[in-house]
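Below you'll find the structure, written out as structure tokens, and then a few comments.
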Amino acid sequence: MGSIDSTNVAMSNSPVGEFKPLEAEEFRKQAHRMVDFIADYYKNVETYPVLSEVEPGYLRKRIPETAPYLPEPLDDIMKDIQKDIIPGMTNWMSPNFYAFFPATVSSAAFLGEMLSTALNSVGFTWVSSPAATELEMIVMDWLAQILKLPKSFMFSGTGGGVIQNTTSESILCTIIAARERALEKLGPDSIGKLVCYGSDQTHTMFPKTCKLAGIYPNNIRLIPTTVETDFGISPQVLRKMVEDDVAAGYVPLFLCATLGTTSTTATDPVDSLSEIANEFGIWIHVDAAYAGSACICPEFRHYLDGIERVDSLSLSPHKWLLAYLDCTCLWVKQPHLLLRALTTNPEYLKNKQSDLDKVVDFKNWQIATGRKFRSLKLWLILRSYGVVNLQSHIRSDVAMGKMFEEWVRSDSRFEIVVPRNFSLVCFRLKPDVSSLHVEEVNKKLLDMLNSTGRVYMTHTIVGGIYMLRLAVGSSLTEEHHVRRVWDLIQKLTDDLLKEA
């Protein structure tokens, strides 16, 4: 009784007053303040170090150990964001960010994210958000048309598509669908016979998703690639591996082909691989997370040759089509296989439209039940910019990558290690330019570059060769930025070789 009285007293003496978590005019005022902050951040992002200079654990020293009991004014919070959060950011928005693959952004996508957040709908079934469901179906068909995918991947045909969070989720869903199709024929005890194929260049999430789908770790085949195939999968090697597995009593289940590997943007020959997959009844998925976006340009569309024989395809507009994270598009040729594997139908979600099988319920196309109104930002991007400007954006990045490649080739101290397919350039200092071991001297150069704060690049090792990666693609990058990073590379190389 005493504790209840104390609470009542505390509440009656509270200075907070009536609590309204959302009040239109106050939101308008605060949102204007936040938009100004964001616009200023984008405007000035080049003045910040690209790679954060803080030490691990820095933030715990600056943030109180407990949450505030009483509310704090937005002005104080904004000051702390500038003082404590921004210094700890590796600035992916910087025009001098060339690491990994840049996460692209745009005004249209930001507005779409704002609207999606504001509406806050949860579109797990059609009835829970009809507009969210139907716009996603339309946008997925739009993008499929732009990519010149066959009708078998569209809702207007016999297939369909869904916007997932990431490529990992897309591949997990398709492996599960392939697994269920196989086990319906073979029986559940045969799961130990199922084999999945990728390459040693396939994204690291592939073995993880296979394991999550119940594939035995020893049954995950990562096909070795070589410089002779530009680190793409050799159809001959794949065929031999599949034939050996069949002879040993295994069941080939799933093949993940990649358009634009993370290390070097290597491309697997979809046309040839799909023929082998179809011959052996293997579900073939094309992971085009990065390079698939380039296929909206006619000059790159040939990378999708053979797509009519593929079972599923995914690409991530957040990598190159100006959409904020997260946004991955997954198309499947036979949606019923996905639905058979992933459908749930609890009593509390049942409704007349779903029961009559008249609508799409996207909860049955993904792992989770809940989902955002993800299609809004893609809809705004496509309408605000049109295909022509998206193609121009892709071509501009590729042109800057080609320009950087030419500068590298013109300097006799450097070499291009693997062919440039898109806007990523993989290069290194040659073995004979320094008394240091070739890997050591290239590591030193990368460390020197990143320590300046003026650029952020990463490395990879392919075929036993350590190389530097420069990935053009930030939404803010222009030709003069690429020119400046090359000037910086040359200057630091001069300094490094003098020391060596």
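Note that Cβ sites are derived from N, Cα and C of the backbone, with glycine treated the same way.
Checked against Swiss-Prot, the residues K193, K208, K319, K402 yield a single entry marked N6-(pyridoxal phosphate)lysine: K319.
Of the residues P95, P102, P130, P431, Swiss-Prot places P102 in the same L-tryptophan site as H203, H318, Y348. Here Y348 (L-tryptophan binding site) is compared against the recorded positions S168, T262, K319, and the shortest C-alpha distance is to S168. Counting Cβ atoms from all protein chains shown, T262 (pyridoxal 5'-phosphate binding site) has 22 others lying within 10 Å of its own Cβ.
Using Cα positions, the member of the recorded positions P102, H203, H318, K319 nearest to T262 (pyridoxal 5'-phosphate binding site) is identified as H203.
If you count neighbouring Cβ atoms within 10 Å for each of the binding-site residues H203, H318, the highest count belongs to H318. Of the recorded residues, P102 (L-tryptophan binding site) and K319 (N6-(pyridoxal phosphate)lysine) place their C-alpha atoms 6 Å from one another. Calculated from their C-alpha atoms, the gap between K319 (N6-(pyridoxal phosphate)lysine) and S168 (pyridoxal 5'-phosphate binding site) amounts to 14 Å.
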